[in-house]
Structure formats: structure tokens, C-alpha cells
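Q: My questions will all concern the structure given below.
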Amino acid sequence: MNTKSHMPLTNSLICFIFLSSFVYGQLDYKYYDATCPNLTKIVRYGIWSAISNETRMAASLLRLHFHDCFVNGCDGSVLLDDTSTFTGEKNASANRNSARGFEVIDTIKANVEKACPSTVSCADILTLAAREAIYLTGGPYWSVSLGRRDSLTASQSAANAQIPSPFEPLENITAKFVSKGLDVKDVVVLSGAHTIGFAQCFTFKQRLFDFDGSGNPDPTLDSSLLGNLRSVCPNQSDSDSNLAPLDAVTINKFDNVYFKNLMNNSGLLQSDQALMNDNNTASMVSTYSKYPYLFSKAFAASMVKLTNLGVLTGQDGEIRKNCRLVN
Ligand code: HEM
């Protein structure tokens, strides 16, 4: 057979595949290899220095990424400041006085802009930041495909509607995940993110004093944890913003102790402990409490699903120069 006669066909095929990745805008592990080869190093250094300054920042950045992806996709919308034309997500109920890490992303973005101007999206920077933060905190590492573009707008009402609340039943939380293309396993696995970071007292205080209007504490809350939490969060409104660790045993380490805590009635949020009230989710909790490696592997897999939700690619959106503002 004459192989030469096939060359033009092969060339056109390669050309088609190459061009279609621009036209259809696929994410790609090597997306910035030619245009911003030091990207990962810049993000890694930025995260390392932020965490060296404040360990909690790893948790805050992971949550910021989750809140970005859950509201109209991973498009950097959570990073936008309010403007005269839209009210953004920063002041939505789950984020106001709660979402953190914006300055860390600003610093990394400024360094990325110096190395490769107008090339890397804020959405990709936040995605890489979350991955690096978890890895540096002892968690798994996963490959991140890149090429997300930044949104041109943000929506406070979408954030209010789509981000799960710790006060809603597990069925509602699961329904929110399912509506994004995730499943109940992702709910359990990603809730394992609560192995690091802190929550303000108002997010769980009714469990300590007046559970479901009973005038008594939540009977499923371990009594020694109850005592500790009552001292951090006394029954008065000025304790609302005091902080308690989501996993009081290994506060800053990304491990499977969150699941061990749930097995011991020591979940902090009602929505955490609720995973034990359903046979299916409780059995997953039990598995992850026993097998840290399975949790680690599952967390990486669910994170990849989360980071690919509703991304803008190709010609959609833009590459913001400043993560807080549309160009
Ligand atoms: C399943 C439904 C979820 C609910 C109801 C929920 C709720 C909450 C609440 C109420 C807080 C405390 C916020 C504050 O007091 O200011 C919190 C913190 C946190 N959440 Fe979630 N969350 C959920 C899922 C997730 C997921 C999927 C992730 C990441 C993959 C995540 C990561 C975090 C982290 C790391 C913190 C600590 C943040 C910090 O210390 O700054 N959460 N979450």
C-alpha cells in the first residue's frame, strides 16, 4: 500500500482535530503549556505562601471554588464585585461575611498577568488554587484540565438558590447536586471537605440549645462535643460569628477523620450529621471512615466532576485581567 497517498488525509484529520478544539472549546491538560508554561509553579507558590501565612486559607479556597462551580458553573463568577448593572455572588447569603480568599486569588492573578498577560482565566486559577491547597494540606492530587473562561456577569439570586444550606434536609441538598449532574456519592465524598476549615456559630447553634424548637440540644450530638461547642458559642447573639472547627480532631489536616467524627455523632453541621440518617449515605460514611485511601481517591474523582461543571470555553466569556471586574 502506498502510505504517501494517505498523508493529505492524515494531515487534514490532525488539522481538523486541532482546530475543532478551538472551535468547540474543549478543556485540555496542556492548554497553557505553550502560552503560560510556569502557570502551575506560580499558583503553587502563591498557595504555599498563603497557607504559610494562615493555614485555614486552604479550606477557604476550596470552598470558594465550590461556590464558584455551583452557581452557573466554574466561571470565576464568585470573584466579581457588585457593579451598577448586577448584584453579584459575594453578598449572597452563603458568601456574605463568610467566603474568603479573594485577596489570595488577586495576588496570584497579578503574578500570572506579569508572566503571561491576558492569557489565563480567573476560573482556571481558582481551580488550580483549590487543587494545590488540598494537596499541601495532606489531601489527594488530581490532574486539572484547563481552558475555562471567565463569566461576564454574576448572579446573587442564582447563588442564593443554588448553594446548599446547612439548614436544609439531605434530600434537598442531594437534589441540588443531582441538578448539576452530580450524585449522592458526590454529596458524601465532597462533604468530606469539611475535614478542614471552620464554621461560624450561627450555622450550627440551634443544635446546641434549641434543636427543631424543642428547647433542648440535638440528641444526636456527642455530649462532650456539645459542652465544648457551648463554650465557644454561648446562647447569645454576639457569639454568632465565633468559629468552631468543622473537624475538631485534626483541624488543618485533609484526612478521613470527618467521617470518623460522623460515626461518633461528632459532625458539626446538621447537614453533616444528617449523612448518618440514611442507610445508603451512612454506609458510604462508614466505608470512608475505615479506608482513608478510598476517600482520597473518591475525593479526587468527585473534585474533577465538580471542576468541570458548566465551564465556558472557546469563544464564550473572556479572560479577565482583574478577577474582580469584567474587562
Ligand atoms: C453538602 C452541602 C454543604 C453544605 C450545607 C455546606 C455548608 C457549609 C457551611 C455552613 C460552612 C461554614 C461557613 C461559615 O460559617 O462561614 C462551610 C464551610 C466549609 N465548606 Fe461546606 N458545605 C457543603 C458542601 C461543601 C463542599 C462540596 C465543599 C468543597 C468541596 C465544602 C467545603 C467547605 C470548607 C472547606 C469549609 C471551611 C471554609 C473556611 O474555613 O473558610 N463544603 N460549609
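Glycine is no exception: its Cβ is also placed from the backbone N, Cα and C atoms.
Nobody curates TrEMBL annotations by hand; they come from automatic prediction.
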Q: Of the candidates T195, T307, T313, which one does TrEMBL list alongside D247, T250, D255 as binding Ca(2+) 2?
A: T195
Q: Can you sort out which of C36, C69, C201 is the disulfide partner TrEMBL gives for C116?
A: C36
Q: In TrEMBL, C323 sits in a disulfide bond; tell me which of C74, C122, C201 is on the other end.
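A: So the cysteine that TrEMBL bonds to C323 would be C122.
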Q: Setting D68, V71, G73, D75, S77, E89 aside, what same-chain residues sit with their Cβ within 8 Å of the center of the Cβ atoms that define the Ca(2+) 1 site, listed in sequence order?
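A: Apart from the listed residues, the neighbours are H67, C69, F70, N72, C74, G76, V78, S151, A154, A158, A159, G310.
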Q: Based on Cα distances to D68 (Ca(2+) 1 binding site), point out the closest of the recorded positions C36, P164, C233.
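A: Considering only the listed recorded positions, the nearest one is P164.
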Q: Taking the Cβ of C323 (disulfide bond) as reference, which residues of that chain separated by at least 6 in sequence fall under 8 Å from it?
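A: Listed in sequence order, they are G76, L79, L80, F102, I105, D106, K109, C122, I125, D150.
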Q: With the Cβ under 6 Å from ligand 1 as the test, give me the qualifying entries from the recorded positions C36, R63, D68, G73, P164, T250.
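A: If the test is a Cβ under 6 Å from any atom of ligand 1, the answer is R63, P164.
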